[in-house]
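Notes for the one structure printed next.
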């Protein structure tokens with residue numbers, strides 16, 4: 001791919017992000033400005049900011065790649081990412097804003113008056129945040145690698161440096177502007193190329209085979225295999241091979257491969273004839289461990305689909321960078337209306353990735369074999385349109401992808417740094433917030449260098465599962481159930497979130513291997529770990545009735561009463577409205 | 001510190017917690033403000049109506065989405081249907097459900113305010 005336009009586009013996005021951030025910095029004056037933009041962000045700006053922050057590398061690149069490789073089942077990801085906001089709206093949005101807490105740990109402490117639960121919630125915020133930051137940095141590395149052949153780590157380092165600088169310098173107010181700007185940038189970066197891609201597709205005679213299963217090569221296509229892989233053939237396949245297959249070297253021979261499993265060594269070049277179905281590929285032994293990339297649709301049980309639905313529907317409300325945004329709404333009613341606007345914005349955005357996935361199946365089916373499916377969105381303009389126009393559109397997409405990494409990473413860094421500053425580092429001065437920012441970004445950056453190729457969608461799915469099993473019970477029961485106690489909340493978070501974390505860690509680590517129902521249970525924990533978290537929280541709370549915090553009734557009243565009835569509006573002169581009504 | 005504007009600009013203090021004051025002056029809505037049993041009953045009734053609205057929409061969402069994986073598994077040949085429903089068909093219903101919920105929740109709050117103030 002021609003990078004002469006793409007690199008300047010990425011540079012432009014980075015510079016524009018810094019400039020918009022600096023504009024916010026000039027008006028970031030007080031403590032409250034610094035953390036929650038003084039709670040004066042209107043629904044429209046805030047909705048664009050929330051959406052901009054939410055649409056990450058997984059949305060911008062990952063969905064199209066997954067759909068390309070695995071077909072329409074993977075469209076449950078964007079549906080779940082969107083529906084998660086509906087569930088958040090139903091049970092959390094307005095009460096969370098009225099609780100007046102800055103972060104999830106603040107919420108836990110305000111509701112349960114317990115330092116222990118606060119620290120536990122803080123630990124989960126940091127853990128989920130780091131899990132979610134990892135794929136952003138890796139996505140940035142992949143993008144820059146595809147565009148310019150730069151080493152894998154460079155993109156991640158660029159994102160890390162820019163985000164750390166913006167967050168440490170400007171805090172939330174500048175992030176609000178940055179995020180809102182980046183939502184529109186991301187939407188444009190997918191919408192404009194999509195328009196031209198569809199035109200090109202029509203000019204091509206509108207071939208209508210993207211929905212066929214499996215995808216087929218439309219014309220003769222030569223595929224270079226960079227990492228050795230395993231092909232699983234349901235039917236015999238004839239290819240021209242230049243390289244090593246099943247341990248035998250070939251030099252441009254036509255080889256008839258029988259049905260079964262075949263090993264292609266790195267560096268081999270395969271030439272597929274037109275109308276050959278694209279074979280299913282696995283990348284070495286590791287691939288079987290990856291829940292999203294694992295195997296074909298026949299091997300992914302229905303259970304996994306329901307696990308994915310539950311994790312995304314319930315996990316959204318507990319993502320640290322999502323929750324912190326609701327504190328910037330001026331009141332509970334605005335928080336609700338903001339959420340509706342967010343649903344509309346991200347719903348509109350998610351109409352586009354499936355289009356790229358479908359066109360990718362048509363025009364770039366060999367990406368399934370090369371293991372670069374996440375790059376489909378970046379490569380399609382060049383592949384389908386070509387010429388200078390294709391290069392320019394490709395540059396626009398690349399800029400949008402970088403906007404995705406920057407915006408999600410800055411929101412996550414903000415949330416993680418907030419927790420580190422308030423609960424780990426000794427004092428709460430802004431100087432320490434800057435230290436916290438550095439720490440918040442350094443850990444995932446090092447981890448991304450050490451761990452390497454964890455697929456983008458997997459790490460994100462893991463973060464959702466952990467969040468759904470720990471923070472979802474805490475928020476829902478904390479807001480709606482009077483008898484929640486600190487021991488119950490702590491036990492529920494530990495058992496639910498902890499078991500989800502262990503299950504996925506075990507899967508990633510190769511246990512129990514092989515497949516089968518135990519494998520599926522561990523790879524998609526949400527279906528059992530969410531009920532487990534709720535159940536533990538309820539049972540332990542019922543077993544410790546004496547520990548119900550004294551002010552529970554007043555706190556719940558504050559969560560649910562409209563502002564016009566609460567104490568806040570009646571005393572506008574009070575400097576600290578969010579601590580009102582705490583007895 | 002106040003002498004140095006740069007320093008003042010960057011000082012962060014965490015939100016003081018558990019330091020709220022007693023109710024300031026007397027208002028008509030004292031039952032709620034002073035947390036009497038009657039006041040709690042009012043708050044409970046509001047919570048119940050809001051929870052009912054949320055659970056109603058959740059049930060609709062469950063009925064809408066829940067059977068889909070089974071349907072797609074039962075009709076393996078209807079790939080076009082799966083693309084259309086998951087790719088394009090679900091977002092509008094989600095937004096409509098959200099708007100319906102917000103209207104209902106705001107009406108619940110308005111009714112509650114009227115109830116409390118007219119008492």
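Placement of Cβ uses the backbone N, Cα and C atoms for every residue, glycine included.
According to TrEMBL, the protein carries these features:
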- A:6-25: transmembrane segment (TRANSMEM)
- A:45-69: transmembrane segment (TRANSMEM)
- A:75-96: transmembrane segment (TRANSMEM)
- A:116-133: transmembrane segment (TRANSMEM)
- A:153-171: transmembrane segment (TRANSMEM)
- A:183-203: transmembrane segment (TRANSMEM)
- A:303-327: transmembrane segment (TRANSMEM)
- A:339-359: transmembrane segment (TRANSMEM)
- A:392-421: transmembrane segment (TRANSMEM)
- A:433-454: transmembrane segment (TRANSMEM)
- A:460-481: transmembrane segment (TRANSMEM)
- A:521-542: transmembrane segment (TRANSMEM)
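Segment contact holds for the transmembrane segment (A:116-133) and the transmembrane segment (A:433-454), given three or more CB pairs below 8 angstroms at sequence separation of 6 or more. Highest Cβ contact count with the transmembrane segment (A:45-69) among the listed stretches A:153-171, A:183-203, A:339-359, A:433-454, A:460-481 falls to A:339-359 (criterion: pairs under 8 Å). Between the transmembrane segment (A:392-421) and the stretches A:183-203, A:303-327, A:433-454, it is A:183-203 that has the most C-beta pairs under 8 angstroms.
Per-stretch counts of Cβ pairs under 8 Å to the transmembrane segment (A:303-327) identify A:75-96 as the leading one among A:75-96, A:183-203, A:339-359, A:433-454. Counted over residue pairs 6 or more apart, the CB atoms of the transmembrane segment (A:75-96) and the transmembrane segment (A:339-359) come under 8 Å in at least three pairs, which marks the two as touching. Listed as Cβ neighbours of the transmembrane segment (A:433-454) (distance under 8 Å, sequence separation of 6 or more from its ends, same chain) are residues 34, 126, 129-130, 133-135, 137-138, 141, 153, 156-157, 160, 163-164, 167-168, 171, 286, 409, 412-413, 416-418, 420-421, 424-425, 508. Beyond its flanks by at least six residues, the transmembrane segment (A:339-359) meets 43-44, 47-48, 50-51, 54-55, 59-60, 63-68, 72, 74-75, 78-79, 81-82, 85-86, 88-89, 93, 183, 186-187, 190-191, 194, 197-198, 201, 210-211, 376-377, 380, 384 of its own chain at Cβ-Cβ distances under 8 Å.
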